[in-house]
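Scroll down for the structure; my scribbles are underneath it.
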């Protein structure tokens with residue numbers, strides 16, 4: 001049996017009120033990412049197409065939780081026989097979209113790593129087969145949801161749901177730690193590149209990568225024939241701070257920009273780990289002791305699952321382009337507004353042509 005389900009009527013009502021409120025937050029957050037994608041071409045890059053898939057999954061999951069809460073709060077308890085059909089459908093959809101978010105997060109991390117780590121063949125393939133990438137989370141989650149209908153105990157759910165989920169979290173964490181190290185090394189190369197191109201040494205020196213696997217990141221400060229890792233905000237940042245000069249001058253983005261980019265990437269797996277720590281701990285407690293968790297703790301458990309849409313809107317929307325393009329749009333619409341200051345907004349793209357060494361520092365980011 002599922003130990004975390006409340007039985008008292010006042011507990012059922014309180015739990016559904018909390019889940020209803022959290023569902024609304026997730027709907028607003030996920031809906032904002034979807035709306036931003038539809039309105040602004042700046043957030044229609046390859047990476048943001050994957051983020052759109054995650055946002056749609058978050059949105060559908062939150063709507064599904066909202067519908068079940070609405071039924072319970074209306075007095076028609078889902079566990080009662082008259083709601084058996086809707087209860088089964090609602091449970092299937094819950095399993096589908098909760099698991100699907102795991103696959104989207106993993107897919108985003110893998111694609112980000114392949115592109116930034118300069119795996120040219122694979123990065124080109126994934127960007128040419130986006131439909132296949134979109135189909136993977138849906139197919140795997142649908143299969144898992146169909147199998148999940150047979151899992152009723154907390155111990156079984158711990159084994160079949162939470163162990164694979166934490167394997168995904170570990171993989172995602174490892175990928176972003178690797179990218180963090182690459183970007184941090186790129187920061188050091190920027191510092192060296194700036195010294196080598198100082199007025200005392202007018203001739204530019206190339207920064208040679210230490211290994212082929214990190215060549216793309218090591219070349220952030222210089223052109224790469226096959227692919228550049230860049231961010232549009234870097235150019236805006238340089239111009240905004242008066243650091244660009246006409247003519248053949250080497251531009252080095254400020255090192256805090258790369259450090260901030262690295263910190264932002266590490267926030268993705270850390271937030272995801274935090275969201276699932278409480279639900280996992282509760283499943284372990286209940287499977288070991290055979291006792292239900294306290295009602296307040298169980299409520300937080302379910303809220304952590306539903307809050308994913310809002311959390312993803314923060315780490316993928318506020319950290320990246322979505323918030324910046326909205327801010328820029330409103331500032332430009334006001335005749336008295338100051339010039340827009342575009343913060344970090346990351347996108348990834350493969351450069352298929354050789355760019356001039358003077359203009360190819362960082363053009364797309366995470």
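If you go along the chain as it appears here, the first residue is 1 and each next one adds 1.
A Cβ is built for glycine as well, from the same backbone N, Cα and C atoms used for every other residue.
In TrEMBL, the region 'Disordered' annotation falls on 196-218 of the listed ranges 196-218, 219-241, 242-264. Residue ranges 103-119, 341-357 are listed, and TrEMBL annotates 103-119 among them as transmembrane segment.
Taking every listed stretch (18-40, 103-119, 165-183) in turn, the largest tally of C-beta pairs under 8 A with the transmembrane segment (52-73) is reached by 18-40.
A contact between the transmembrane segment (305-326) and the transmembrane segment (103-119) is absent, since fewer than 3 of their C-beta pairs, 6 or more residues apart, lie under 8 Å. If you look at the transmembrane segment (165-183), the same-chain residues 6 or more away from its ends with a CB under 8 A from one of its CBs are 102-103, 105-106, 109-110, 112-113, 116-117, 214, 217, 258, 261-262, 265-266, 268-270, 272-273, 276, 280. Secondary structure of the domain 'G protein-coupled receptor GPR1/2/3 C-terminal' (259-322) per DSSP, as helix, strand and coil residue counts: 56 helix, 0 strand, 8 coil. Over the domain 'G protein-coupled receptor GPR1/2/3 C-terminal' (259-322), the average per-residue pLDDT in this prediction is 86.
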